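Colleague: So TrEMBL has the following annotated:
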BINDING   CYS223, CYS286, CYS293, CYS296  Zn(2+) binding site
DOMAIN    12-65  domain 'RNA polymerase Rpb1'
DOMAIN    94-173  domain 'RNA polymerase Rpb1'
DOMAIN    175-1155  domain 'RNA polymerase Rpb1'
Amino acid sequence: MKNSSIKKPYIFRNRTVDKSQLKKLISWSFSNYGLAKATRVADSLKDLGFSYATKAGISLSIEDLKVPETKRFLIEDTFNWITDTESKFSSGQITSVERFQKVIDTWNTTSESLKEEVVQYFKETDPLNSIYIMAFSGARGNISQVRQLVGMRGLMSDPQGQIIDLPIKSNFREGLNVTEYIISSYGARKGLVDTALRTADSGYLTRRLVDVAQDIIVREVDCNTVKGLTVSPDESLIGRVLLDDIVDPKTNEKIGIANTEITSYKLDQFKQKNIQKLTIRSALTCESLRSICQRCYGWNLSSGKMVDLGEAVGIVAAQSIGEPGTQLTMRTFHTGGVFTGDSAGQVRASHNGTIRIKSSFKSQYTRTRHGDDAYLLENPLTIELYTEEEETIEIELKPETVLLVKDNQKVLSNQIIAESVIQGQITERATKDILSNISGEISFGNLIVEERVDKQGNRTSVNQKSGLIWLLSGDVYDIPSNTTLLLPKNRQTERKSVLAKARFTNAISGKLNSFLTSSTPSPELVNVISSLTLEHAKITQTINGPILKFEQDDTEFSFVNSLANIKDSQVIAEQIDCKYATSTGGIIFFKENQEADSFLWVPEETYEINKDSSLLLVEDKSIIESGTEIIREIHSKNSGFIQVTEQNNILRELSIKPGSLYSLDCITDFLVENESLIEPGQEIANGIITENLTYVELIQDSEGNNAILARPVHTFKVPKEEDLILKQTYSKNLARFIKLKLVKELPFKNTIYIKSNSKIDLVKISLVLEVGKELHDLISSNNHKIEIRPNILDENISQNNLESKFKIVVTENLSAITESNNKDITSTNTTLVDPNQYLKPTTIINQQSVVSLTKGRIKKIETENNVAKKVLITSNSDEKFISVKNKITLKTGDFLKFNEKNRAGTIIGQVLFKQGSHYKIRKAYPYLISQDAVLNVYHGNLIQQRDRLAVLVFERPKTGDIVQGLPRIEEILEGRKPKESCKLAPLNGIVSIDINSDEKNITITNEAESINLSLKTKQRLIVSNSDSVYLGQPLTDGNLNPHDLLSVYFSYYKEKYGTFEGSRLSLQKIQLFLAEEIQNVYRSQGVSISDKHVEVIVRQMTSKVRVVSGGITTLLPDELVDLHQLKRFEKANTLDENSPAEYLPVLLGITKASLNTDSFISAASFQETTRILTDAAIEGKTDWLRGLKENVIIGRLIPAGTGFDNLYSESRIVNKDRKQITETPNTLDQISGNFDDIILDDRTARILNDN
């Protein structure tokens, strides 16, 4: 039709035009009649729609929401299935994970069945229903939303993406109850939050894609490559270019010519002639350097014609991949967080009857995700269903189907017979904690436990075979440490019997006292061992906290640390308003041969400023008075000589040096050392004698003459360290072990110059507590400590008094031992002392008892290092007598399971003994533990309710929305390495497996060679002995690492074809893998992206190699170079063929690829600007401005579209075009059809035309 340029016949179609048909109509008119006519058709359809919409509309009413009658029966059936599942779980037939999966799948199947019922109900009873018309025409809403309105809202996902196993059975028409409303809101919030977050992620993905591909422009017509991709003919090939001629296999007639485009007409021809494979040109195999040629790219999909020279195909590719991410992010959650995972395709029995399987079949035994025994078919199988009406129904089953029934098994109508395996589902490894629902004793069934030790020496117990953990019923009592068990094993206990008792005593004599503290809400009980008071000092409460004040000299100290638990040599307080403070900075001196309790100070007032020199209000090197304004709003504190430091007309520093200025006629008249201290009475120049200790400095005055500045020196006397007097006020003589000292600290070194114009503390005086060794050893324990508090032994002093004595108190904390170590209701606590009681050493303070809550017998005592830790008591309620009617024999220790064949009774438990025709059974609860589960208990352990028994490890499907989709796309495009990657086959061959206790060894053998691989013990094999494997095939579970895959391919191909061909082939393999992975993610979301866009991006990720050794080239190790560029380097350097460059192919993520582009301007504008520009400057790089981004940054015309500056001359382009016209039969049709695509968008012209 497209190639028929003479007459285009009209087609009459009689069908309902809904949204999808509307899309097809516009697409058909565009591809067959061009842009202009398609635009007219769309315009006419729009006018038609608006015309009828003004005459009649459609609205939604509450009456339109009709709930099918069958819903009630479906829900009832589901409840029966769920009850049956719970029964299986409680009897240990399925694991906790299998129970959860069964419940989820049952409700999901019910929801899907109800959806189909809703559709059928509308079709049969009300086809003109407003909701039905809206949803199925595509005008508004979808089937999922209709299901929630009139079916059931269904299962919800929580914010972590996990499914909540309690479904919303109601719909919005019936209304949600309180529980359902909360779950609904919980799931809906996930949708809202993810919409906001993922939109940003998708936008950033687009930015990175644009950055990596912005310089890909169509720069030439043909790269003359002889390489291409071999593919099967399908719709995605329309617009691609053939690499080779296509020959009819029957007639040998050419039906496709090389370098011509594949149209829909040609594609139909290929299919009719049964052409199985085509070789096409591709962006992946294009040999154009830094660009793509016309023929390797093919059509511009927006026009349906060959792409123009100068087209920025990289930008188009980036937008094509990035845009669906944004679209999907917002579109996926219109269901409001509802779980929409695909249930497995199920084959159900159409009638009640019996299954017959006549032929034998090849299969593997498996266990379904619901815990059912099943067979995975390896070949097709036909089974027969004999109905009760004696009809025979044949059921065809495909390979990879899971058969759930056996030969001669009775089935009910609608029962599931088989399930197809869900293909391509994204799964993740997860864990599930198994918690005990009662207390009791652990007994392992048929478990095989393996002890594993990791590199850190941690031991874990792993189950090697699926089996049961039995939890035998009984009351477990924890026995606290330091507690003595009073009753032996097998002793009868009464209710409130004391099982164990502990007594707690004090260590040192003292007086008992209790008081409130800010850290404890209840009174704290302490044993005061000793108390000392600081004489002539008191603690005063102020707004800023407590202050210690000495009465003799009114000095005040502020507390700097917590006073609740004081350690040895701890600073308790620091002096406030120290008299060793100066008003400004200066120079500090320690005089030689002077006592350590004094030092000298030469004041100097310094200002560090950064202002223009014109703002200075005084003359440099002059004498100023105190209070003089130096710069606006800055006044001097002292009189003295001013010096200004200036740089580039900017004032940097001002210093004012107090002292006397003496003029000096000649420099030789200066008789002392410059910048030194001069004793009183010494002559410093002719006629100038010092009266006091002076610091002299030789300077120049404002006129440039030499002068002497004699600066005053201040002497500070510092008191020696002294011990303060502590008065013993109570108990044991500890004064000799506790000392309180005033300690001085000089924070500055000798002759240091301190620049400042504000207060400086030259000496820091602190109050320090020192503790002797005997007391130090005592307070090292947790219960003993030294505190500073008000006089807690003086009852007349209130806690709220503003003043109190400074008390140092040594206490023993008794609260820790009087409180119960075990908060369980089985423990009782009794305090045996009174407040203010005098305590002798080892007085019993507290008694703690463990009391039995039930009448029974001590069944077991669990010990640790011969000390009782737990006690198990069994009562009458834990044991039952059952009668056995069948003639069966039960042994002591046998376990009874509910519904087990040849076993009697409905109680699950363990046989204790036989008495006549009765058996005594101890109640037990079974937990099915799957293979590879991590065990947290051992056989015979006593455990409490809600203790963890084991951790099940399993694979679970992720909910299918873009929350997983976008990160997966990002993971592929950034080339990220998965956490747990699988091991890959390094060659084609046959597998041989050798497993020992330490490791697993795999040998892969073919005709040419054999390779051995060692695996970690944790890795699970997914291949079997004697399996045939191909190069790069995963051998173990885990995610496939594309970097590992590239390395495996390169190692293999390098051996066969050399470094260059090995690199090219391995990169080509990885390109196909990445392109398919990206397409799989988008296809799973129902998004169609042309392969050529994905190929353009993947090409950028896989075009580089990393240099290992430069060889004859000038390349450096670790340098990233384009593979084809490196080949040209080697061709240019053909002098020494024995030293070629060595290199490895690398897979770069889009971020790394953007940063390693040839243009440093483009890379620097993306990320790491400073590093990239620094590297470029050091290397002397040149940016040739080939891409779009760098030209935009510089401000030049971009080299694309009309600004495209082709390397060929205009005549070459014309000749090429003429050559192409002669080669391509349909090009004339395209040129003649181009005139149809002229759009005249002028309302006046349209009105004239209509008239």
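Placement of Cβ uses the backbone N, Cα and C atoms for every residue, glycine included.
TrEMBL does not curate its annotations; it predicts them automatically.
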Colleague: Around CYS286 (Zn(2+) binding site), which residues of its chain at least 6 apart sit with Cβ under 8 Å of its Cβ?
Modeller: CYS223, THR225, ILE292, CYS293, CYS296, TYR297, ARG1099
Colleague: Using a 10 Å cut-off on Cβ-Cβ distances across all protein chains shown, tell me which of the binding-site residues (CYS223, CYS293, CYS296) has the largest neighbour count.
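Modeller: The most densely surrounded of these binding-site residues is CYS296.
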Colleague: For Zn(2+), what surrounds CYS223, CYS286, CYS293, CYS296 with a Cβ no more than 8 Å from their Cβ centroid?
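Modeller: The surrounding set, listed in chain order, is GLU220, ASP222, THR225, ARG281, ALA283, THR285, GLU287, SER288, SER291, ILE292, GLN294, ARG295, TYR297.
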Colleague: Translate the DSSP assignment of CYS286 (Zn(2+) binding site) into the three-state scheme.
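Modeller: Its secondary structure by DSSP: coil.
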Colleague: Work out the three-state DSSP category of CYS293 (Zn(2+) binding site).
Modeller: strand
Colleague: Give me the mean pLDDT over the domain 'RNA polymerase Rpb1' (12-65), rounded to a whole number.
Modeller: 88
Colleague: Take the domain 'RNA polymerase Rpb1' (12-65) and count its residues per DSSP category (helix H/G/I, strand E/B, coil), listing them in that order.
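Modeller: Final tally across the stretch: 40 helix, 0 strand, 14 coil.
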Colleague: Is it possible to list how many residues within the domain 'RNA polymerase Rpb1' (94-173) are helical, extended or coil according to DSSP?
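Modeller: DSSP composition of the domain 'RNA polymerase Rpb1' (94-173): 46 helix, 10 strand, 24 coil.
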